[in-house]
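First the structure, in the form of structure tokens, and then the observations on it.
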Amino acid sequence: MPPKKQVEEKKVLLGRPGNNLKAGIVGLANVGKSTFFQAITRCPLGNPANYPFATIDPEEARVIVPSPRFDKLCEIYKKTASEVPAHLTVYDIAGLTKGASAGEGLGNAFLSHIRSVDSIYQVVRCFDDAEIIHVEGDVDPVRDLEIINQELRLKDIEFAQKALEGAEKIAKRGGQSLEVKQKKEEMDLITKIIKLLESGQRVANHSWTSKEVEIINSMFLLTAKPCIYLINLSERDYIRKKNKHLLRIKEWVDKYSPGDLIIPFSVSLEERLSHMSPEDAEEELKKLQTISALPKIITTMRQKLDLISFFTCGPDEVREWTIRRGTKAPQAAGVIHNDLMNTFILAQVMKCEDVFEYKDDSAIKAAGKLMQKGKDYVVEDGDIIYFRAGAGKN
């Protein structure tokens, strides 16, 4: 008798399932968050105020994702009527303060805004400027990191303790029911999470089983969100790639947020560039012998969220679509329209690299590079797809 085919366990990702995921800009007050938001979104908010809580309700904007592949496809399908790039939704969340987890400084409202996003850009101030006050009195990025980390952890401990109390109530009923057994397992996991948080660690940086991830996702923990640390330098320090605080920041992140990325950038430089035409901005960067950090900041967050792209190309439109890694063809079709998912028949798939080489759909087909895939096909980053569906919907 042949051995049973092993069913591969589907990996469950931390966070909210879906393709339209959101990144929140987080940090203490007056570290450059709102100016960064204006630069990355090119959305003017007026002059960001030089005092805490200048932003109260989060601002939202969609950021175009830099994509050389999309640009190249638009050149190849240059007669297309419409070009639609991929976007990342970004929120500018008001500055946190020490004591936010206890409700100080409008803390509960701000923490609820963080809870509603899927990932975090944490902006850390590393520049000196006497005209921009620091809520803690002086510039000390490691202290600022510890404040934010502590406030998010304390709130998560509060969430976890409430979840533990709820699980305990059911577990105390006793008996051998499946629900009681599950709640006892949840209690063990939640106790483990609380100990982890009390040690200064973030939930996102720990290794969890798929079963544990499902429970963690139901708790909507703040520290379970992927985080990128944006180190806001002066223009001079960014260009020369030096700052006295960088080593200490790296040591702190390695210890308390291992595996998370640190990206140095300069809000003042990016803000200046945002007011220029693309040509003038390119000329300015050449003159300064540096590059903008924004493309890396945007694309790296998409990677942290496990987001990938597929494309649809034709005479009417070239479009880059965003999906979660591991998405199957019918669900990818559903991103375009629900009817395409419900009546899915097959997907005709080409690879970007083949389109770049052959530059013509008929030549790709003649070369045997056009593949037909069924409902179990897992879409790969860079696929160009023509979906075929029933009921006359293509």
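A Cβ is built for glycine as well, from the same backbone N, Cα and C atoms used for every other residue.
The shown structure was predicted, so the numbers you read here are calculated from the model rather than taken from an experiment.
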From candidates LEU197, LEU221, LEU222, LEU233, Swiss-Prot puts in the same ATP site as ASN30, VAL31, GLY32, LYS33, SER34, THR35 the residue LEU233
Swiss-Prot lists as ubiquitin cross-link, out of LYS98, LYS155, LYS359, LYS375, residue LYS98
Name the residue among SER116, SER266, SER309 that Swiss-Prot annotates as phosphoserine. SER116
Annotated residue, phosphoserine, per Swiss-Prot; candidates SER119, SER218: SER119
Annotation match for phosphothreonine in Swiss-Prot, from THR89, THR223: THR89
What does the structure give for the C-alpha distance between SER116 (phosphoserine) and ASN30 (ATP binding site)? Integer Å is fine. 22
Helix, strand, coil residue numbers for the domain 'TGS' (306-389) per DSSP? 26 helix, 35 strand, 23 coil
Which one is it, among the recorded positions THR89, LYS98, SER119, that lies nearest to ASN30 (ATP binding site) by Cα separation? LYS98
In three-state DSSP terms, the structure that SER34 (ATP binding site) belongs to: helix
Give me the count of other Cβ atoms within 10 A of the Cβ belonging to GLY32 (ATP binding site). 27
Which whole-number mean pLDDT does the model give the domain 'OBG-type G' (21-285)? 88
LYS33, LYS98: which of these recorded positions has the sparsest Cβ neighbourhood within 10 Å? LYS98
